[in-house]
Amino acid sequence: MKTQRDGHSLGWWSLVLLLLGLVMPLAIIAQVLSYKEAVLRAIDGINQRSSDANLYRLLDLDPRPTMDGDPDTPKPVSFTVKETVCPRTTQQSPEDCDFKKDGLVKRCMGTVTLNQARGSFDISCDKDNKRFALLGDFFRKAKEKIGKESKRIVQRIKDFLRNLVPRTES
């Protein structure tokens, strides 16, 4: 014979199981890192392995490529880091450090996983080639000069055409 107490007990256990069913997916979702969080973790790893005197901080993150939803699948990343004023031996977060004036800039590429529990990364960083930076400055300045010159040339052509039109005397 079933008692009223058994009915309450069954209802209570049903409620507990229902709540567990709702909470477990949230716990799984909470373990997935965002693209930027995964990159910041990779930078922490780069700083730990670095033999340089100062920490590096994220300078520029390339747009996130289209990815599948599996957090365990390695995702391609590329970003740029720059040397900060904080010594590597500090316990300070690189995000709290100012960039060092004329600090070393490194271009990093590789893969990260978004699974927080088993997060991993395979990143390699190379110094940004100063020649390419200088070449970029050259092209930027050339573009500015060409822009100014083209305006001047257009104005000269307009003036020339205005002088070609016969003037009528009134």
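The backbone N, Cα and C atoms fix where each Cβ goes, and this holds for glycine too.
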From Cys97, Cys125, partner that Swiss-Prot gives for the disulfide involving Cys108:
Cys125
Quick one: sort out which of 46-58, 111-123, 137-149, 150-162 is the region 'Active core' according to Swiss-Prot.
150-162
What counts of helix, strand and coil residues does DSSP assign across the region 'Active core' (150-162)?
13 helix, 0 strand, 0 coil
Highest Cβ count within 10 Å among the disulfide-bonded residues Cys97, Cys108: which residue is it?
Cys108
Surrounding CB atoms that lie within 10 Å of the CB of Cys125 (disulfide bond), all protein chains:
19
Nearest-integer angstrom distance between the alpha carbons (Cα) of Cys97 (disulfide bond) and Cys125 (disulfide bond):
20
